[in-house]
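A.B. asks: Attaching a single structure in structure tokens format; questions to follow.
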Amino acid sequence: MAKKPIYKSLYFQVIVAIIAGILVGHFYPSTTHVVDGVKEHIPGLGEQLKPLGDAFIRLIKMIIAPVIFCTVVSGIAGMESMKSVGKTGGVALLYFEVVSTIALLIGLLVINIAKPGVGMNVDPASLDTSGIAKYVASGQSQSTIEFLMHIIPETVVGAFANGEILQVLLFAIMFGFALHKLGDAGRPVLKFIDQISHVFFNIVNMIMKLAPIGAFGAMAFTIGKYGVGSLVQLGQLIICFYVTCLLFIFIVLGTISRICGFSILKMIRLIREELLIVLGTSSSESVLPRMLRKLEIAGCEKSVVGLVIPTGYSFNLDGTSIYLTMAAIFIAQATNTQLDVQHQITLLLVLLISSKGAAGVTGSGFIVMAATLSAVGHIPVAGLALILGIDRFMSEARALTNLTGNTLATIAVAKWVGALDKEKLDEALNNPAEVDRKMLEADRPAHA
């Protein structure tokens, strides 16, 4: 088979799109004019391209619920034993809790050593909090009980209509169990769901062709609205956060991957296209449907992939966990709020719960941060205004770390519950281009 020209690869197209987006945003930025003493915001071409990125994310979110439903149902209903489903869920939740706790601790450790907020001497009363009002309102409405109750949908249709991943996942698990109990009588339904999943994955392939356009629009908006110059003032926190994410990926996740018998670098190469799409869109959710199919081809059983990946988007957001601890302590440092060990332990315990409410979409981490500061009470919520402008620049590292963490979690859980084909995984890690080819072939309709 002739090798596909590089310009036709999604990998290359997304890189070009990101670079083009940065250039457009930089050379056609938004400006602010003062008219009669009133600041007037004039959006530049870069900011005006925001709908391109938003449209791509909406197209992906449109298909996530049915893809998850079909994947989970066919995975569970097709299993021989229901005990293995419970075992997989238990191992996954234990893994999520341990690894996300490590992520929170690493963020806490690094921010206390680097102290990027010390010396800013910001008076919380002087901050303009108008920009954070909607996040604070959203954050204050969340609680642990409400979050858990929210997992149970009021109606099945509502869960799908609103794109509530955990609600769809709960219904899919129940549907899969019920279908499994029917035995042979449920086979026609299972076959239909399996066939319709191919239709949904074909839609995903169609949408992914638009990924370069989405990445271009999202990147042009970010640079055009906030500008590269806006990074300078709070650059120390951004650098600190990016370095911490890299340390977490290559030390913590790297150690777990070695325990599982493979290299973290090879795994990153396997998901390089997805990482680039995430880099452009700042949302790890944008590649969720692709990851379901890719990890299945890479040797993980469908039932494991269907359970671990969607659940991980709420319970295993390592990048978001690092961000939450670092941002909270940074605000305390910048506003000269004294935090003793007891305060920091309280913050950690609150984050262990509140961080589970973040979804893999842009802005969710900021809402959880508002909820956390409101719950802790000691750190001024007004301090969120300090990081509002740079939050968008940190969302890329958050999303990339989240995706890497969830990919490893799926492979690790599959290995530990005996649901991993090691030969397929090795083949995928050594030849990622072949996996991408198989993904396209798997979703082509078979003609007799």
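Each residue, glycine too, has its Cβ placed from N, Cα and C.
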A.B. asks: According to Swiss-Prot, which listed range is transmembrane segment: 135-155, 282-302, 345-365?
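C.D. replies: Feature transmembrane segment in Swiss-Prot: residues 345-365.
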A.B. asks: I'm a bit unsure how to read this: which one of 9-29, 59-79, 91-111, 159-179, 312-332 has the highest number of Cβ pairs shorter than 8 Å with the transmembrane segment (203-223)?
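C.D. replies: Result: 9-29.
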A.B. asks: Taking the transmembrane segment (59-79) as reference, which of 91-111, 159-179, 237-257, 312-332 has the most Cβ pairs under 8 angstroms?
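C.D. replies: The stretch with the most contacts is 159-179.
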A.B. asks: Same chain, outside the transmembrane segment (312-332) by at least 6, Cβ under 8 Å from its Cβ: which residues?
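C.D. replies: Distant contacts of the transmembrane segment (312-332): 92-93, 95-97, 99-100, 103-108, 110-112, 116-117, 165-166, 237, 240-241, 244-245, 248, 253, 284-285, 288, 338-339, 344, 347-348, 351, 354-360, 364-365, 368-369, 372-373, 376, 378-380, 383-384, 386-387, 394, 397-402, 404-406, 409-410.
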A.B. asks: Using a Cβ cut-off of under 8 Å, list the residues of the same chain at least 6 residues beyond the transmembrane segment (91-111) that approach it.
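C.D. replies: Tertiary neighbours of the transmembrane segment (91-111) are 240, 243-244, 247-248, 252, 256, 307-308, 311-312, 315-319, 321-326, 329-330, 333, 344, 348, 351-352, 355, 405, 409, 412-413, 416-417.
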